[in-house]
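Step one of this worksheet: look at the structure below.
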Amino acid sequence: GFVVGHAGLYQALAMFAVAYFIIGMTVLSVCAIATNGALDAGGAYYMISRALGPEFGGSIGIMFFLANVCGSALYVLGLVEAVVDSFGIPPGQKAGTGVHVLPQSYWYELLYGTVLLALCLLVCLVGASIYAKATFLIFLIVAGVLGTILVSFFAMRPIWVPIRLPHFNGSETENGSFTGFSLATLRDNLGGGYGVDYTTGQMMSFSSVFAVMFNGCTGIMAGSNMSGDLKRPSYSIPRGTISAVLFTYLVYNLLAFLMCATCNRTLLQKDYGFLRDISIFPPLVTVGIYAATLSAAMSNLIGASRILYALARDDLFGRALALAKKTSASGNPVMAVILSWLVVQLVLFSGKLNTIAGVVTTFFLLVYATVNLACLALEWASAPNFRPTFRYFTWHTCLLGIAGCCVMMFLISPVSASASLGFLLLLLLALHYLSPSSTWGYISQALIFHQVRKYLLMLDVRKDHVKFWRPQMLLMVQNPRGSARLIDFVNDLKKSGLYVLGHVELQDLDMLPSDPLQPQQDSWLSLVDKLNVKAFVSLTLAPSVRHGVRQLLFTSGLGGMRPNTLVLGFYDDAAPQDGLARHPAFTSSREEVPLGFPPLRAPAAPKLLSAREYVGIVADALKMLRNVLLARQLESLDKAWELRRAASPPPTIHVWPVNLLRPDSARYADTCSLFLLQMACVLNMARAWRRARLRLFLCVEAGAMPHAQEEKLRQLLKDLRIQAQIQLVPWDAVTRLHWQTRQGPPGGPAPGGAVEEEEEDGAVNFPANATQVSDEYVCAANKLVLEQSPAPAVRFLYLPRPPANTNLYPLYLHQLELLTRGLGPTVLVHGVSAVTSTQL
């Protein structure tokens, strides 16, 4: 009567259509989720948490708990209104007459609500079985009353109904009329005629009337909330919910039409209990109203308690809800029922039904939107295990349900909707950072997989362009205990590119009962999380380290995301240090180093690979057109100290883009030199290294027009948009040692007729006559680099290509060791791909 009295028949039918469209879409989603696996206590909360994860589940669980609590209070207040309307002392009278014996005031009505809520509490404390019997009895009563009301519309003759206006003027009365079936009455009630709600004194509108009406449609979750108490929830929930929705929709529409055709607007707007006055047996209507509202109040109270119990049992809020876990001997969550009852009692202080109707409706709509979102996510994720037996839904119905819920939420009360969403966001953030990890499965992972696969297929390597090149690193780690700072350093070098930690286990799978790498995977992933590096982990079994690195270079990555740069620690005789135990990630939080990694190799113990095999790995990578970085003494790099020290000169990065082992080919613009410049620039662009300054060293000889070379290099840096300070370094004394060893003038033929190999792109290979670069010369070059002050945070040096003659591999490695000895953190770089661009 309230709805059709204010909104008229057309708008009332539109409200029912909109409300049932929203809940109809939601019911389809509920049925789909409910038939996709075993359900437990918690209803919608259980569905959402197991589909969307603990953050969404926990936050929506709290919202749904509050919705049910407010809903229970709303129905109790509705019942109080009906009781006071029937038995309240009329305003202005000190004593009642006849049945009108109940005093009316805010505190008295709060008392009546408390008594009625206590009755609901008693039923819920006994357990679900007595609740089920009570609700079935109430269903029979309400069905009987509904039958008499439908008969009354046809059987009753036209009558005048006197209406008291208790809240405004006790002496004023109006007459409403029951006209029987009348075309004129129907015509008068077709359009809207919004007036003042006599219980609150507020002017009604479409949104406020819809908010009150929608609370009559929120029972669709009543069956779901009892999922933990049902024998076969996956069978019962779809059938019970759909039949209930269809039944109530038909009843609401039929009642709306009959009321509009037989009752004038005054009766509908001014007397919400008018059905008693036009009934063939008025006391039965009163019993029906009491029974219906009491049933709804109990349903929401027991639903709230089951949600609270499920939240407590999942430990999402820790000790805050520990009390709600306690159950009776029969399994009834009595403490959750009592806590829910206390919260409902607090809500009763609001006093009037229509005051909290908007808040309740907003909460329910938000929960329904999230149920649709859960189903939509499961459908879009296309997970093979999402096979609900209920198939009458698509992602379109889910999307329509979400849109309908959100639109109506803001139409009803923009303030309540915004506040609810803000509260939901706060809960999401709190649970994201504070809740323990769960084993339920995260739909976000399935959705991410689905999207990543789609975009990886779209990532076409044939469309790669040098403008958009980025380093994609494969860092080989023998034992993370000795490589923590190197792992951190390479993370700064990757520039949003792919980063893979590779590890080779020297075992033969034929001789093992199972894969030994699977147990190690969790330790590596925990390490990645703790060091806070954005890296993947790739482990492999191989008979030798060289074979294992080849495997990883061939197989790591996917589609257009494959490593283009191999990073190795340096091969020397230094004793490995446990940098993991000293890493800030463990020293600051006082956590133990993750288990699963063996102790470091003892200094006297043999190495896992030989010098020849190590250089062979470098040669293999270059043959496979991978860039190579060799990192020496990176474990001595204290990045936090270097970059945060308060000294006035900022830390520096020294860059030597000349091949110091080939003084006769000192070029700065070959592919390798440009790649070295690019890597130094990428490091400088990392957030942690932005304070550092690049210093580029230009080695010059007497009479070689150094200023012209400097200007040329400065123009190159300008074209490449690299900011660096250029420093001229005379190295005549160093090169003189080289020419003395060669016994020939610069540019003359090398003795012995040795021929140097040329690459197709013009980069000169390491000379076949490697003996011509003496140790004395290399030590002089090392001293030249070391003398440049102040000492930098890290140095980048040119890495020559390994010699073609494999017998020279040990000598090659020996000279690299001499070149970098005592330099501190140093990165030797050899690039084979063009990585710089001057194009827009």
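Just so it is clear, glycine is given a Cβ too, placed from its N, Cα and C backbone atoms.
The feature domain 'Amino acid permease/ SLC12A' is assigned by TrEMBL to 1-474.
DSSP labels the residues of the domain 'SLC12A transporter C-terminal' (485-573) in these numbers: 37 helix, 22 strand, 30 coil. Marked as domain 'SLC12A transporter C-terminal' by TrEMBL: 485-573.
What TrEMBL records for 741-761 is region 'Disordered'.
Sequence annotations record features per position, and here TrEMBL assigns transmembrane segment to 12-35 (among others). Long-range contacts of the transmembrane segment (12-35) within the same chain, counting only residues at least 6 positions beyond its ends with a Cβ under 8 Å from a Cβ of the stretch, are 3-4, 44, 47, 51, 206, 209-210, 213-214, 217-218, 220-221, 224, 227, 233-234, 237-238, 241-242, 245, 249, 252-253, 256, 260, 365, 368, 371-372, 374-376, 378, 388-393, 397-398, 400-401, 404-405, 408.
The transmembrane segment annotation in TrEMBL covers 56-77 (among others).
Non-local neighbours of the transmembrane segment (110-131) in the same chain are 72-73, 76-77, 79-80, 83-84, 102, 226, 229, 294, 297-298, 301-302, 305, 328, 330, 332, 334, 337-338, 341, 344-345, 348-349, 351; each lies 6+ residues outside the stretch with a CB under 8 Å from one of its CB atoms. Under the heading transmembrane segment, TrEMBL lists 110-131 (among others).
Residues 178, 180-181, 251, 254-255, 258, 262, 275, 278-281, 284-285, 287-288, 291-292, 294-295 of the same chain sit 6 or more residues outside the transmembrane segment (136-156) yet have a Cβ under 8 Å from a Cβ within it. Under the heading transmembrane segment, TrEMBL lists 136-156 (among others).
Taken from TrEMBL, the feature transmembrane segment applies to 244-267 (among others). Proximity of distant same-chain residues to the transmembrane segment (244-267), defined by a Cβ-Cβ separation under 8 Å and at least 6 residues beyond the stretch ends, is recorded for 1, 3-5, 8-9, 12-13, 16, 20, 23-24, 27, 146, 149-150, 153, 161, 163, 174-182, 185-186, 188-190, 193, 216-217, 219-220, 223, 274, 278.
Away from its own ends, the transmembrane segment (287-312) comes close to residues 40-46, 58, 61-62, 64-65, 68-69, 71-72, 75-76, 78-79, 82-83, 116-117, 119-121, 123-124, 128, 131, 134-135, 138-139, 141-142, 144-146, 149, 219, 221-222, 225-226, 228-229, 273, 275, 321-325, 327, 333, 336-337, 339-341, 343-344 of its chain (Cβ-Cβ under 8 Å, at least six residues beyond either end). Annotated transmembrane segment per TrEMBL: 287-312 (among others), in sequence order.
Sequence-remote contacts of a segment are chain residues at least 6 beyond its ends whose Cβ falls under 8 Å from one of its Cβ atoms, and for the transmembrane segment (333-350) they are 65-66, 68-70, 72-73, 76-77, 110, 113-114, 117, 120-121, 124-125, 301-302, 304-306, 308-309, 312, 323-327, 356. Annotation source TrEMBL lists transmembrane segment at 333-350 (among others).
With a threshold of 8 Å between CB atoms, the same-chain residues lying at least 6 positions outside the transmembrane segment (356-380) that come near it are 22-23, 25-26, 28-30, 32-33, 36, 44, 47-48, 51-52, 56, 60, 63-64, 66-67, 70-71, 73-74, 77, 208, 210-212, 214-215, 218, 221, 347, 350, 386, 393-395, 398-399, 401-402, 405-406, 408-409, 412-413, 416-417, 420-421, 424, 443, 446-447, 450. What TrEMBL lists as transmembrane segment is 356-380 (among others).
Taken from TrEMBL, the feature transmembrane segment applies to 392-412 (among others). Sequence-distant contacts of the transmembrane segment (392-412), counting only residues of its own chain at least 6 positions beyond either end whose CB sits under 8 Å from a CB of the stretch, comprise 18, 21-22, 25-26, 28-29, 31-32, 206-208, 210-211, 214, 358, 361-362, 365-366, 368-369, 371-373, 375-376, 379-380, 420.
Sequence-distant contacts of the transmembrane segment (418-435), counting only residues of its own chain at least 6 positions beyond either end whose CB sits under 8 Å from a CB of the stretch, comprise 54-56, 58-60, 62-63, 316-318, 362-363, 366, 409. Residues or ranges marked as transmembrane segment by TrEMBL: 418-435 (among others).
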